[in-house]
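K.L.:
Just passing along the structure, written as structure tokens.
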Amino acid sequence: MAPPLSSKVYVDGVYIPAALIVIGTAIVKRDWVVYSVALALALGTWKFFQLKPKKVLDPTKFQEFELKEKTIISHNVAIYRIQLPSPSSILGLPIGQHISIGADIPQPDGSSKEVVRSYTPISGDEQPGYVDLLIKSYPTGNISKYMAGLSVGQSIRVRGPKGAFVYQPNMVRHFGMIAGGTGITPMLQVVRAIVRGRAAGDTTQVDLIFANVTKEDILLKEDLDALAAEDKGFRVHYVLDRPPEGWTGGVGFVTQDMITKWLPKPADDVKILLCGPPPMVSGLKKATEALGFKKARPVSKLEDQVFAF
């Protein structure tokens, strides 16, 4: 998706330089203004096409990009902003797919081993020039610990796109989503595409169950609440294992009763999306099957009624 014509990249790169050419000519030699306008239009057109978004991802090889910013969210969660080659660069990542991060991880015997993990960005192509990743560090997570140890200015190896799911408008009547922890990232991408990319006649409904341990663990809550307020076709239902006093949302693990209460019933035009810790996803596959949804495969395919990222 291209940035809007009112974005800073066009203001600084096209409009201001063109205006300076015309104004400067009018001050120095008014008779030449018509020529300066023609020159400004020609240069502006050339610059406009130069600034058109350029996709940088390559699924066949890793590329190195610079870590531009690291924003600490909590003791084990951070947002990593990766700078792309130019202000007009975009990943070109299909909605619902992810990128791979690779690194050489030291081994106990002194050797190193390439480890690769997949992450879904929380930013989109409408924000050119960079990509944001939300990553939670785990004690046994090789790549998450590697990312946590990086300093701004160091490089990150990126490859992609990757994944079997690609969102298309009106692909189903109703999405039911269940996410746990950082499993919210692919859901956010799909929800944002539905809410902010609705065409006339698109009536896609979305219900999301988002499970976490405590209220403080709820990632991207402001973004989710803003999307729910923006579009009555999207509803989010929070579930906490250790809720605070006065909590009115769900409590404990996600149960069949919660799925029945908040998510759509099985139908050919309904799709359930799952993302979270493996034990959670495994349990949810069994729960959805027990409720009448088609049995989820070990490795999901786009056409599956229950799809696990």
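Cβ atoms are placed via backbone N, Cα and C, with glycine included.
As listed in Swiss-Prot for this protein:
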{"type": "BINDING", "residues": "148-163, 174-208", "note": "FAD binding site"}
{"type": "DOMAIN", "residues": "60-168", "note": "domain 'FAD-binding FR-type'"}
{"type": "TRANSMEM", "residues": "31-51", "note": "transmembrane segment"}
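Help me see these features in their spatial surroundings.
P.N.:
Cβ neighbours of ALA200 (FAD binding site) (same chain, under 8 Å, six or more residues apart in sequence): none.
When pLDDT values are averaged over the domain 'FAD-binding FR-type' (60-168), the model yields 95.
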K.L.:
According to DSSP, does ALA148 (FAD binding site) sit in a helix, a strand, or coil?
P.N.:
helix
K.L.:
I'd like the Cβ neighbour count for ALA193 (FAD binding site), meaning other Cβ atoms within 10 Å of its Cβ, all protein chains included.
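P.N.:
I get 19 for this one.
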K.L.:
For a quick check of packing: other C-beta atoms within 10 Å of the C-beta of LYS162 (FAD binding site), how many?
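P.N.:
That number is 16.
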K.L.:
Which residue, of the binding-site residues ALA148, SER155, ALA179, ASP207, has its CB surrounded by the fewest other CB atoms within 10 A?
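P.N.:
Result for the binding-site residues ALA148, SER155, ALA179, ASP207: minimum number of other Cβ atoms within 10 Å at SER155.
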K.L.:
Which residues, sitting 6 or more apart from PRO186 (FAD binding site) on the same chain, put a CB under 8 Å from its CB?
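P.N.:
Within the chain, PRO186 (FAD binding site) has Cβ neighbours under 8 Å at GLY96, HIS98, THR120, PHE165, LEU273, CYS275, PHE309.
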